[in-house]
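Worksheet: one structure, shown below.
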Amino acid sequence: MAARVELIGCLIVAAVLLQGAAAATYYVGGNISWSVPTEGESAYTAWASGKDFELGDTIVFNWTGTHTVARVSKDVYDNCTTANVLASDTQATSPVNYTLNSTEPQYFICTIGSHCSFGQKVTISISSATSLTVGAVTTMLLVMAISFLTSI
């Protein structure tokens with residue numbers, strides 16, 4: 001019976017650790033932060049392509065100078081049309097944190113002047129397979145722990 005209780009404890013700890021390990025923090029743009037990139041849009045595309053974003057991760061926009069960040073639709077992102085972007089959806093004070101809570105791609109732009117047209121925009125795509133794997137393993141461990149508890 002003591003061995004069974006120890007096993008249950010280990011399974012619960014493993015599930016909690018797996019759940020906590022899934023969340024990460026990413027600083028948008030890395031070394032260039034959130035600015036008008038000299039390389040254009042490709043700078044943020046390259047930065048984002050090297051990341052495995054997952055549900056629950058946080059992305060942080062840091063900047064100096066005059067910039068904003070707004071989460072926008074794909075159409076606004078593609079066309080850099082800020083006329084329909086609500087002021088309430090635009091953050092103007094750095095840093096800005098967003099928690100990724102959807103598997104849909106997230107689109108962010110700077111709404112100042114031509115900053116978006118010059119490449120200050122980024123798409124964040126969730127790695128749903130990784131998120132689902134961690135969630136599935138966590139769920140499996142919890143079900144096993146509950147199964148052992150109910151059979152005692």
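Cβ coordinates are placed from backbone N, Cα and C, and glycine is handled just like the others.
Feature annotations, reproduced from TrEMBL:
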type     : residues : note
DOMAIN   : 24-128   : domain 'Phytocyanin'
SIGNAL   : 1-23     : signal peptide
TRANSMEM : 126-149  : transmembrane segment
Q) Per-residue pLDDT averaged over the domain 'Phytocyanin' (24-128) comes to what? A) 94
Q.
Going by DSSP assignments with H, G and I as helix and E and B as strand, what are the residue counts for the domain 'Phytocyanin' (24-128)?
A. 21 helix, 27 strand, 57 coil
